[in-house]
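Residues or ranges marked as domain 'Enoyl reductase (ER)' by TrEMBL: 12-342. Annotated transmembrane segment per TrEMBL: 355-377, 389-408, 499-517, 529-550, 562-580, in sequence order.
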Amino acid sequence: MANPTVILKKQGEIVIEDCPIPEPKPGEVLLQMQDVGICGSDVHYWQHGRIGDFVVKAPMVLGHEASGVVSKVGEGVSNLKVGDRVAIEPGVPCHTCKNCKIGRYNLCPDMKFCSTPPVHGNLAKFYTHAADFCFKLPDNVSTEEGAFLEPLSVGVHACRRAGVSLGSRVLVCGAGPIGLVNLMTAKANGASEVCITDIDEKRLEMAKAVGADYTVLVKSRDGQEVARQIEEVMGQKPEITIECSGAPPSIQTAIYATESGGCVVLVGLGPADVTLPIVNASVREVDIRGIFRYVNCYPTALAMIASGKVNVKPLITHRFKLQDSVKAFETVAKGEGIKVMIHSKRKMDIKQEEIILRLKTLFLIPFYVLSAVYFVLYQPFLHYPEETFSAAFFKVLPILALIGFVRLNAGDEDIIHNPIPKSDFHKFTILGLLFSSIGDACLIARETMFIPGMLFFSIAQAWYMYALGPGNKGSRLESIFYLGGTGTFLFLECSIDGIFMKFLVLIYTGLIFTVGWRAASRFEREQSYPAFLGFAGILLFTFSDFLIAINKWKFYIPFTEFLVMITYYGGQLGIALGTLKH
């Protein structure tokens, strides 16, 4: 199949059919889909054929929580290019009505929203979408997280409508996927206490794991009784309640539980008509606000994930291939897990990628061989190599092999053979390795070329710094690395001759410890194996440079030359492995 597509033929029947690969219109991009999350609305259309006034009258492609890679750009598209990984905001408004013009495009009467009859969704291999509603993902955000921006944006919008801010006391009713993202968003916005309710104890355990301060297992349908239970647990009534279940008893609980003058935001959609304790809300001036999807929330949701303020990865409990989509829908319908993801790559694509990844790692063999040759030829007695051109040449060959490895790992093609260019992360890492190799060649002549070598290594560290992106500001890691850098410089400073050399060492120390902080921040955000390897590589690199400094300005350490090179090569290997996809 060129474009396998998951189609709801009619109520209760899902099939996978091959559809033509669409051509992007002006202002659109063709996307090779990566990950699509299953939403409760998708399941509802499958089981019931309708949600309110939205009725499935003809076969419809499912899916709207999605991410993809740009395969082709239509006329007039300037914000995206082939190879960009993007999150897809599924609703495209008309841009001309009153609601669009005042910035509330989610209320546009002519909204075209994926997988909402009669508009097709994006659970397919290829899909076209308006480029303006595709958001480029930074390198530290996975495509799974990109797909999760859709439900997370619901949480962002709900918290905005509710006015959640620093110190807010918040109640979330319902610990399903939407309830959990509202919990996480409330905490990210500064809520001091968040209580969450549900009828499922396992979901409450997940809520506790992702940040809930209190949980309440609901066993009664009496809203006032549950409200009293919530007040007992929290010690006082919440100022804000975000109702995410749509169940009538839960909506009643939300109103009773909220303190006078507070706010209730209705996120969950249940029956069309619900009995509410409206007098109770009126006499206590409890505001009741609805929300519909989200508006202008994707940039905020993306920033929350990219900065590490919100970690949605624990919520992804099940993963299926595209050909197993029916099984994925059945899993959601049974209430198993939290968020179910469908990977749009076909089984053959996944196998091919695994083979390619293994082949790419074979490119490390030249690095290992050349490193061994260097140690055999130039360090047989564990002393510093002679200052010769051949020594410098063999010294940098292993690093050049790593540059080839990173370049090979960065290159790719999509299924219709459009090249996917390497990311800035790969480009900057390659530049860092290149300038490191030049600096290392200079350091063969330890005295006459030491300053040029330091300058080249400083440029290398600057490229690594750009590659890793910003560190987590205000974190404990920032303090640790900057205190470490300050302490290292003060330790060396008294032994360094000359103001200029002291200035160079100060700059270089600041750079390398900043790189360490950023590498640690990347690992803290991603919790991935490549990020760990990259961080370990930077630590080894730093240790190697520290040995050089001790040996030059403090005292001689036995076998320093051997230790310097083994940690240097190990560090550069870790940095190169840090570019692997995860």
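Each residue, glycine too, has its Cβ placed from N, Cα and C.
TrEMBL entries are annotated by machine, without manual review.
By the Cβ criterion (under 8 Å, sequence separation of 6 or more), the transmembrane segment (562-580) is not in contact with the transmembrane segment (499-517), since fewer than 3 such pairs are found. Through the fold, the transmembrane segment (499-517) approaches residues 451, 454-455, 457-458, 461-462, 464-465, 468, 471, 477-478, 480-482, 484-485, 488-489, 492-493, 535, 538-539, 541-542, 545, 549 of its own chain, all at least 6 residues removed from its boundaries and within a Cβ separation under 8 Å. If you take every residue in the domain 'Enoyl reductase (ER)' (12-342) and average the pLDDT, you get 95.
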